[in-house]
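*Asks:* Would you mind keeping the following structure in view while I ask a few things?
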Amino acid sequence: MKKFGEGVYHDSREQDSVEEVLKSLTLVMNACMVLFMQSGFALIEAGAVRAKNVTNILIKNLLDACVGALVYWACGFAFAFGKVAVKDYETGEYSSYSYANRFIGHKHFFLSYPDYKSPSLDNYPVRVFHGGSFYGEFFFNFVFAATATTIISGALAERVEFGAYLVYGIIASGFIQPVTVHWAWSNGWLVYPPESLKLPPAVWYRDYAGGGNVHAVGGIAALVSCIFIGPRLGRFSAKTGEKVHIPGHSTPLTCLGAFILFIGFLSMVLGHGQSVAQGVTNLTLGGAASGLTSMMIVNLEPKVVDWWKYTIRKTNRSRVIKPRTFWSFLVLVDATLAGMVSMCAGCDVLEPWGAVIIGIIVGFAFYYVEHFLIHMKVDDPVGSVAVHLVGGVIGVLLAPVFAKKEHEYSWIHWKGCDYDCVSDSVNSTCLYSTSFAGDASEGKRALHPNWQNGDCLYTPFHQFAWQLVGILAILSWTIVCCIPLFFLLWKLRVLRVDADTEVRGIDIAYHGEPAYPIAAQGHGWDNEGEFSVSNLTDGKTGGGRRDVKALLNPHEAESWEGMNPEAGLVALAIAYREKYYKNPYANGICDGMEATIAPTLVLSTEF
């Protein structure tokens, strides 16, 4: 009797070490948690919009994952990581790094040539950590691309055409974001600067978890799209230009989505496998500092303005009214997310107190950028621009400033080249450091990172400059791609839904599926809590299935003679759209525009 597995041929190339298996398993598990961030985005956006558009929000977020997977499989992964290193099965080693194409990858279309591994290999310059298998790397980077794409969903909420959003999702997941990944996380020109620039050896673009090529890409795309599509109807008064508050329908959904995103951010760091504990610590500290800072500004700013105006400047009050202040939950949520976004670029190298300082800076920046966008009539329902663009840019720029002492590009710990030498004074031996020596037994000496040919390299300043070049390049690339795309969609009149659909709601018009059907909410109870069966049936079917007609206006029952009472929600949705999405009066909050979002529904009170 053969033992289990006996006689089965295993190619030696399929044998993976335990370490490789664990790396891939860790990467895939954390990628699953990052993919779960899609549900966090969906809940935050659903809670921030009105009930008539919730289904549209949910389907767009699910669409990002589905479309993103296929597009990233077809070309996104190829553009991001195509042809970086090749395994030689004769020797079992990987070829050394080559500058095949610093702008865009050109292998692995449809995940072909899996033997061409991702850049986590022997003899490959260790500048960006990749610790998984070929397919593990694909899955992990796909969820990052989907995250970058879905950022724009909230910015365009309640007014974007479904088809236009689909077009953007395909281009963003398959081309715009992968190119920036190639620059920063593969073998692109940012992570391996051209030799002609003669930058110090320790200087290259550093972005640990996607502050630039995930969040900044999504944030700047959201800004461009908001400018092209314009604000929601009724967001700004047609007479005065003042903002009109349009509240979301569910704060609890927003809260739940925020907590899911918090966990997802931690998983983005865990997936990289290096400095895990330090990364999650800095993420937590930065997010907390940013959220509390913005919430305090919201509460204290009116008091400070009032104190300055009437106490310091002695301005006479026209009436005795104290400023009304709030502790804003929504500001706390968005500012905390902005702080965590700012940690993505440098959470593995930052001092913990540096993370707190960056969080405070982001808290101020988030609050005032949000107000500036409103002043410029840019309508961003969920704050995508202020959260992801502001947080991503600040995080990328300040990561080298507050880096730990062991990193030679740290600003706060840099005292000049003289102090980095092992000798007390600058001389020929000062150019070398025992900490960078090769084999001490052979008497080898390595050049100190801050010195080259006897010249001080000023590494921290070069590092900051290269970070600035990198983030400007990423933003410019995204803008150059998004402007023609949204201009074309706008010119073809397919970017925005028509005004009637926007006022009545996208859910029923485009999907036929309201998020909160009236039929599911319960009717037929009188004031004393007694159920009236006769109000829900025609008197012949007894206590059988509810008649759809009874849930509508019973005084116009003859209008529904042709409707099948067993048709369920489909018939009810049709009834909503064709009969009850009418507002016979204007409520005045939007300058005469019909702004009622719920159907006019008259129930019988005659029992």
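Each Cβ is built from the backbone N, Cα and C atoms, and glycine gets one as well.
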*Asks:* Could you check which of 283-305, 582-604 is flagged in TrEMBL as transmembrane segment?
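*Replies:* Matching range for transmembrane segment: 283-305.
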*Asks:* Averaged across the domain 'Ammonium transporter AmtB-like' (26-301), what pLDDT does the model get? Just tell me the whole number, please.
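*Replies:* The predicted confidence over the domain 'Ammonium transporter AmtB-like' (26-301), as a mean pLDDT, is 86.
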*Asks:* Take the transmembrane segment (464-490) and find every residue of the same chain, 6 or more past its ends, with a Cβ under 8 Å from one of its Cβ atoms.
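*Replies:* Those are 161, 164, 167-168, 171, 175-176, 179-180, 183-184, 190, 193, 199, 203-207, 212-213, 216-217, 220-221, 224-225, 228-229, 392-393, 396-397, 399-401, 411, 496, in sequence order.
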